[in-house]
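As C-alpha cells, the structure follows; a few thoughts come after it.
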C-alpha cells in the first residue's frame, strides 16, 4: 500500500525537478568550461565592437568626408551598452541553445535525453535554458567589464530597470525555445537564425536615441523581442522617468505583451517541434 | 471505457507475463502517395528474461521498432507496453523499464568523463547521487573502466566508449535492455568482451534484451529467439534452435587437400559446391543422402584425392537468414512464425502455428 502523503509526494516531485534541472545546468556549464577558450576569444570582440561603434554611430556624414573623430563619448557609449548588452544576452541565449542542441542531435545523445522518465520540457528545454542563461550572464558582465575601463560609464542604476531586464531574459528564453523547436525539425537553420538575430539587433536600435529611423521602422520594431525592453531600460536608466507609461517604445503594454508572447510562442514551438520530430522519426537524425 | 493512468498503475502493480508487448504496432512515414510503411502492424510478446534477436537487412524496420519502444518515434498505429506500462499513456513508468544503446549514436557525452556520464544519466533518470554512485562503481569495475573513470570518453577506444554507453543504459538497473547494433565498429576482442557481457546480463541478471545486429553469429550465440524482419514485416519468429532446426537439411561437408580440384571436377554430384580454403577445398553436399556421400568418398579414394575430414553440417543462422530474406513472400513458411505460447502473432500473418 502506498503510504506517501501528498506533501511528501509533492516534496519528492520538487526534489526530482531540482535534481534534473541541476543536472542539466551542471552539464551545460561543464560544456561551457570545455569551450572556455572560445568564450575568452569572443568576449573581447564584443567589447571592441562597442568601443568601435561608439565613435562611428550617427557620423555617416563625417565618415564620408573623412573627418571622423575617434573619441569615446561617455554618454553615447553608456547608451550603447544599454542597447548592446541586452542584445548580447539575447544573442548568446539563442545561439548557445541552438548549437548545443544541434551538437546533441549530431552526436545522437539527444535520444538518450528523451529516454528519461522525466518530462522532456524539463530535461531537453528548461535545463538548457538555465545553463545558457548563466553562461550568458557571465559573457554580458564580461563585456561590460571590458568596456568600462576605456570610457566612464554613466548609468543611473535603479530598481525600475529590473522589470525590462527580466523581460529581456523572458523574451530571450522564449525566442531560444522557438529556435530549439525549429532545430529539432529542420536541424541546420543557422542562416535563418543569424538573419533573425541581425534583424532583432537592427530594429531594437530604434529604441535608443542614437539612430534616427523612419516611423514604419519604429512601428515594426515593436513586434520584435528586444525593442521595448531596450526602450524601457533606456527610460529607466537615462531619463529618470517612470517606466509605467503604457504605450510607445518601451511602454508597459508592448513590453509585457511582446515578452510573454515570445515565451508562450517558444513553449508552443518547442512542443510542436518535438512532436513533429518524433512523428517523422528524426529526433536524433541529422 | 478509456483507461486512465491510474488504471495503468494498477495493471502494472502485478507483474505482467510479458516484458514487452506490441499490439498492432505500425509506423508509416510520409503521407499520400509518398507514404511508406516502415513497420507493418505487428503483434509481438517478449517474456521476461528472454533475449530476442531482431534481424533484417538495412531499412527493414528494426531501428524504427526499437525507437518506437523507447518512445523516440511516435507509432502510426498500435500500442506498446513495457513491463505492463503503455508507452503512449504512461511514458514515464514505461521508459523506467528500459535502458538503450542506440545505433549510430554516441549515446554518451564524449567531452565528459565516464564517471560524469554515469552520474549525469543516473540523475537524468530520476536517481539521486547516493543511489547512483555504488552502481556506477560496480558497472565501471566490472567493465574494466574503474581506473580510467575520470578520463574523458573522447580519449577512449571505440570498445571502451561502447562499454560506457552500456553502463549508462544500465545505471538504473532496468529490467529491459534495447541494444541496436551494439558491436558495430568494434574490433574482434572488444566485440567478444561485449558479447560475453550481454550473455552475462541475460543469464545472471535476467535482463530482457532486444538485440539488433548484422553480425549474425553474435545473434545466434546470444539470442533465445530470432525474429526476422523484411520490409517492415516479421517473416520469421522462433526460438533460435527451432528456427535452425526447421531449416536443417541433410548436408555434409567434405574437406580434401588442395590439388584435388581435377578429381573433384570429375566426381562431384549435381548441386555440390566447392570453396577453396587455405590449403584445402571444402565441398558442401546439400540435400544429400548418405549413399551419395559414400559414393563420392569411394570415388575420391579411387582417384587418390587426400581426404582431410567429413562432417555432417547444419546451416548457420546467416544462411537461414539469407534464405528467408531472399525467399519470395509466399514461400516463407507460416511455420516460421510462432504461435500463442507467449510469442509472436503477426496481425498480417496468413497463418501461425502453435
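The first residue you see is number 1, and the count goes up from there.
Cβ atoms here come from the backbone N, Cα and C positions, even for glycine.
Sequence annotations record features per position, and here TrEMBL assigns domain 'ABC-2 type transporter transmembrane' to A:70-235.
If you look up TrEMBL, you'll see A:39-58 (among others) marked as transmembrane segment.
Positions annotated as transmembrane segment by TrEMBL: A:78-99 (among others).
The annotation transmembrane segment is assigned in TrEMBL to A:120-147 (among others).
Here TrEMBL flags A:159-184 (among others) as transmembrane segment.
The transmembrane segment annotation in TrEMBL covers A:191-211 (among others).
Residues or ranges marked as transmembrane segment in TrEMBL: A:246-270 (among others).
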With pairs fewer than 6 apart in sequence excluded, do the transmembrane segment (A:159-184) and the transmembrane segment (A:39-58) have three or more C-beta pairs that lie under 8 Å?
no
Two-stretch contact, the transmembrane segment (A:191-211) and the transmembrane segment (A:78-99), at least three Cβ pairs under 8 Å:
yes
Excluding the flanking five residues on each side, which residues at least 6 beyond the ends of the transmembrane segment (A:246-270) place their CB within less than 8 Å of a CB in that stretch?
121, 125, 163-164, 167-168, 170-171, 173-178, 180-182, 184, 206-207, 218, 221-225, 227-235
Other than its close neighbours in sequence, what residues sit by the transmembrane segment (A:78-99), given a CB gap under 8 Å and a spacing of at least six beyond its ends?
46, 49-50, 53-54, 57, 128-129, 131-133, 135-137, 139-140, 143-144, 147, 151, 153-155, 165, 168-169, 171-173, 175-177, 179-180, 183, 189-190, 193, 197, 200-201, 204-205, 207-210, 225-226, 229-230, 233-234, 237-238
